[in-house]
Every structure is written in C-alpha cells, then in structure tokens.
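Noted in TrEMBL for the protein shown:
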- Ala263, Gly316, His368, Asp451: (6S)-NADPHX binding site (BINDING)
- Lys422, Gly423, Arg424, Thr425, Thr426, Gly450: AMP binding site (BINDING)
- 9-221: domain 'YjeF N-terminal' (DOMAIN)
- 228-531: domain 'YjeF C-terminal' (DOMAIN)
Amino acid sequence: MNVYTADSIRAAEAPLLASLPEGDLMRRASYGLYIHVLDEIRRRCGTVYGSHILLIVGAGDNGGDTLWAGTYLRGKGAAVTAVLLNPDHTHAAGLAALRAVHGHVIPLPPEETDLSANTALTAAIHTTDLALDGIVGIGGRGPLREPASTVIGLLDDAHVPIVSVDIPSGIDPDTGVRHAPHVHPVATVTFGALKPCHVLAGPSCGRISLVDIGLDLSGETPVMQVLSDADVAAQWPIPGASDNKYTTGVVGVCAGSAAYPGAALLTVSGAAHASSAMVRYTGSVSDLVLSHRPDTVCTGSPKQAGRVNAWIAGPGMGTDEGAYDRLSWILKQEVPIVLDADAITLISNTPELMDKRPRDAVTLLTPHTGEFLRLCTSYPETPHYPLPTSVADIERMGRPAAVTACQKAWENQGITISILLKGRTTYIAGPGGVFVEDTGSSWAATPGSGDVLTGLIGAIVAHGMVVGRSVEESAAMAVRVHSRAALLAAMGGQTWHTLDYVVDEGAQLPHGAPVTASEISLSISAAIRDVQAGGEDTLQ
Ligand SMILES: NC(=O)C1=CN([C@@H]2O[C@H](COP(=O)(O)OP(=O)(O)OC[C@H]3O[C@@H](n4cnc5c(N)ncnc54)[C@H](O)[C@@H]3O)[C@@H](O)[C@H]2O)[C@@H](O)CC1
Ligand SMILES: Nc1ncnc2c1ncn2[C@@H]1O[C@H](COP(=O)(O)OP(=O)(O)O)[C@@H](O)[C@H]1O
C-alpha cells in the first residue's frame, strides 16, 4: 500500500474540491468516519442509542469532519457534546448542522486558563463513552497549543477512549514525530490514503481504518510503501517445477567468531528457513554450525565459498584483523551485500573499506539505533541535512530525516548505501524504494533476534536478485516474516485469526510469553505459512 504526504493528499483533493458541490468531499469523509465510529461505540457500549459522545473540535476542516460525524451520530440517538477549542474559528456548516440536531456545545473561551475548573467540560469528559479527536488533521504543525494540550491531559486522566480523525493530534502527519502531549487513540480513521505518521508512528495510532473518498492519487508519488501479507506471500520464494537448490537464490553468510559463536548459528538458521536454496557459511565456527544445521555448506574463507547471489557479513564476526580481511574481500564482490552488527562497526570506524565496493553494487546496512548513530559519525554532515547524534535526536527529527542525513553524508563521499533502521517501527530506505514495517509487537527485541533477521534478509535479497526485486523490498518482506515469527513464538503458535483479534485490540498483546532468538528462527516456517494464510491487509 502506498503512503502519501499531506501535500500529495491536498494536491489530489484539489480537483475534487473544484468539481464537487461544496461540502461534498467533507461529507464523504465524515460519513465514512461515522460508520467506523458506530462500530466502535457498538463494540464498547452495545448500542449507540443513549451513548455519550464527545467531539473535540479544532479550528480547521478536521474539526468540520468531526462535527458532521457527530451530527450523524445524533441521528442514531447518541448524546453528542462538542468542545470547541477555538470558538471563533469553528467549521461553520458543521457546527450549524450539529446545533440543528440539538447537539450540545461547550465553547472554550481563549481567556479561560483553568480548564479543570470548567464544570461543563469536566462533567462531559467524565460521562463520555467515546471521544472524537478532531483537533488537527493534516494541517497540524508542531506541538499542540493550548487549550488542546490541556484537554488531552484531562481526557488521558479520565481514561476516555478516543478515535482520532485522520491523524492522532500531536503526531506530525509527515514525519510521525510524536510531540508531547499527543492523543493516544484506540483507533484512527483516515481518509484517501495512509500518511507517513500512520506507519512511522503506527503503534501510537491504534487500529487504523481507511475511508475511500474518491481521491485519484495516480499523479502523486508515494513517499513510502507498506507491504500487505498478500504482497509478501505472492513474492516469497516457493520452488517451482524447474527450480533446484541454486535457482531461488544462494546466500553466503560470514558471521560468528570464537567470542560470538551463536551469532553464526542464528544467522544461518534465519537464512536456511527463509528459502529452499543453499546457504553457504564461512567463518571460524563451522563445527557448531554443522552440528545444528548439517544442511549448510561450510568453507574456511569467503573466497572458497563459491557462487552466491548475495552476501551477509557481520553478526558476531568480530572486528579483528581476520574479520577486517574477510569483510574487505566480500565488499569487492558485485553481488548485493547485507551488513549488520560488527560489519557496521568496522565500516563506521574504517569507512575507507567501502572504497573497495564496486560503485554500482548494492549495500544494505541493517543497524539498530546504536549502530546507526555510529554510522552517522563516519563522515561530516552535508549542508541542510543535520546528522543525529543521539536517540533523542532521531525521535525529534523522525526516522526518514535521520536516515536521509546519514545517506547524504555517505553519498557526499561517492558511496550509496541503503539503510534498514531496526526497531518496533523498522524503516528501510535506498535507491530501490522506501518501506516501513511496524513489527506489531516487541517480542523480537531479544538478543540474537537481529542475527536471525539478517539471515532472513540475506536469503530474500539473494532471491530478489534472481527475480529482479529491490533489496529494500526484499528486506521489508523479511522483516514482516521475522516479526510474525516472533509473535507466533510468543503466542504459542496461534493462528492468523488470533492475530487479527490482537491487532483489533489496538496492537497490545493480551498474552504471550518471552521467546529466545532460537525460537524465533524455529517459527519462521510457521510465520511464512501464516502470512500466506493471512493474505490480506489488516486495514479495514
Ligand atoms: N479539504 C477537504 O475538503 C477535506 C479535508 N478533510 C479534513 O480536513 C483536514 C485538514 O483540514 P485543514 O487544512 O483545515 O487543517 P486541520 O484541521 O488539520 O488543522 C488546521 C487548523 O489547526 C490549527 N493548528 C495547526 N497546528 C496546530 C497546533 N499545533 N496546535 C493547535 N492548533 C493547530 C491551525 O491553526 C488551523 O486552524 C484533514 O485532516 C481532514 O480531516 C476531509 O474532510 C477530506 C476532505
Ligand atoms: N521495541 C523494540 N525495540 C527494539 N527492537 C525491536 C522492538 N521490537 C522489535 N524489535 C526487533 O528486534 C530485533 C532486534 O535486533 P538487534 O537489536 O540487532 O538484536 P541483536 O543484535 O541482539 O541480534 C530487530 O529485528 C528489531 O526490529
């Protein structure tokens, strides 16, 4: 699914706004919103009639959508109260419609400073079953101003469930940066297309629903993509009638050392479960690898490994001279390379290593935040692209800007790198596209799980070389299966239908038990089957 910036959405809205009768587009959006809110109320209260709905209404069209949805809810017998954050700049037609159906209105005068003393407001908050966040949508910029930020605090204190209209207010639509405070919705109903915040700050949006308002986005360039289970399933390497052990993509793995032998095994396991093709291992712990994975083809040095479609280097390989030499050799190869862990450290400390890389060969680095920050110290920043120096910097500027700044610094030295920045939201960017994966749970945040992921990525990148798919898309496919494997392992192998329920409940797991990286690797096959069975988007 394509993701578009707020500007692209506005550009696609323009011809519709010009051609449709006034207010028509907003009514499409607000009617779609109303349908989703009906569901949410029924789920929570059983019936809409007699439920109490609070509308938090900002000064723009986002507030207009909210007022119209509230008007439709009145028609179903809900008691609807609108809190106007900026009474002089409220969407006039929406407000008139709500008043016409006897909706209750609480204007907050700008001079009112102590909102906790506003008894009408506090009573409305304490009796409400559900609130609609219509504070800001794609017009929101920067941290929320007063009185919005205080009202959010009051709603949080009263534990009011909130449905956000288009965007959770306080989260930047285009960067996903979470300002303080921001709304913590149970669900977000968005219009036309997903915006970056829905994927970059996915866990902060609750369940996301997309309302079709007839936008034609074919003239707009998507800023990033999210794969569906169906996309991943359709492209996963399934051997066909004429395939053999080489044809679905052979991967070479350079990992592990006397200090970190387990990393080799975990990486090889990740690769071996990803596809039916051969996995070639090179490193100092072949005995351990072979004792657990006799299907692996082992050699003492990468030079002896034979032909591969992609190389992996890094997990647990160390940073000594031997590791340096092995990495140097691998970097000279034309095939795509996936660099993780120690290879990232080596590259960060000795960036000249990358001078050996053929200029048009693809290099995907898969750092966690700490490794990424190390990578950002290798070269000076380019003008207009400040480099992050701390985790707080990354959070403040957002992952896309942080990754772009790092890539620009390297590009300035004539080196193109693709980056997969790990975390609950994994962001992948390079010349072959920009992809985002919300891992859906944090069960994968356990030692060695990154090694399993690197193995999976390497195998799917090798397959991608055979079928002509970008490393970025291959990596996104691998992340999807890795996070599903972690979830399945944690949930005791429950099926897609259970997972669907989990997503419905706002991405919080109701149960599950911690898992090890080894168990994640052993759940990869089940995860591939689950992705194939899911076969559809979780969006409604
Ligand atoms: N153009 C249209 O006809 C459509 C627009 N739609 C809705 O319209 C929204 C966009 O409407 P607008 O362009 O009016 O913008 P918004 O309603 O998102 O926000 C603009 C208002 O919020 C205020 N604001 C911005 N940042 C703020 C902050 N940090 N703290 C407090 N207030 C802040 C601005 O001063 C302005 O008054 C969409 O998100 C969507 O909900 C939908 O109805 C679809 C159709
Ligand atoms: N909340 C989270 N925080 C950090 N990582 C997470 C989280 N949830 C899932 N993950 C995933 O867990 C894995 C951890 O990888 P990494 O940090 O490289 O571990 P290791 O180096 O121990 O193998 C990555 O795939 C990452 O995306």
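A Cβ is built for glycine as well, from the same backbone N, Cα and C atoms used for every other residue.
Location within the structure of each feature annotated in TrEMBL.
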| residue | record | Cβ contacts under 8 Å, 6 or more apart |
| --- | --- | --- |
| Ala263 | (6S)-NADPHX binding site | Ala255, Gly256, Ser257, Pro315, Gly316, Met317, Ala341, Gly448, Asp451 |
| His368 | (6S)-NADPHX binding site | Leu421, Lys422, Gly423, Gly450 |
| Arg424 | AMP binding site | Pro203, Asp438, Thr439, Ser442, Ala445 |
| Thr425 | AMP binding site | Gly176, Val199, Leu200, Ala201, Gly202, Pro203, Arg399, Val436, Glu437, Asp438, Thr439 |
| Thr426 | AMP binding site | Leu420, Val436, Glu437, Asp438, Thr439, Val479 |
Inset, instruction - Provide the number of Cβ atoms within 10 Å of the Cβ of Gly316 ((6S)-NADPHX binding site), excluding the reference atom itself. - result: 25
Inset, instruction - Specify the count of other C-beta atoms within 10 Å of the C-beta of Asp451 ((6S)-NADPHX binding site). - result: 31
Inset, instruction - Write out, in the order they occur in the sequence, the residues of the chain not among Ala263, Gly316, His368, Asp451 that have a C-beta within 8 Å of the mean position of the C-beta atoms of the recorded (6S)-NADPHX site. - result: Ala255, Tyr260, Leu266, Thr267, Gly314, Pro315, Asp340, Ala341, Asp342, Gly448, Gly450, Thr454
Legend entry - Overall pLDDT for the domain 'YjeF C-terminal' (228-531), taken as the rounded mean: 92
Legend entry - Greatest C-beta neighbour count within 10 angstroms, which of the binding-site residues Gly423, Gly450: Gly450
Legend entry - Maximal Cα-Cα distance (Å) across residues annotated as binding (6S)-NADPHX, namely Ala263, Gly316, His368, Asp451: 16
Legend entry - Of Ala263, Lys422, Gly423, binding-site residues neighbouring ligand 2, Cβ under 6 A: Lys422, Gly423
Legend entry - Other residues, Cβ within 8 Å of Lys422, Gly423, Arg424, Thr425, Thr426, Gly450 Cβ centroid (AMP site): His368, Leu421, Tyr427, Thr439, Val479
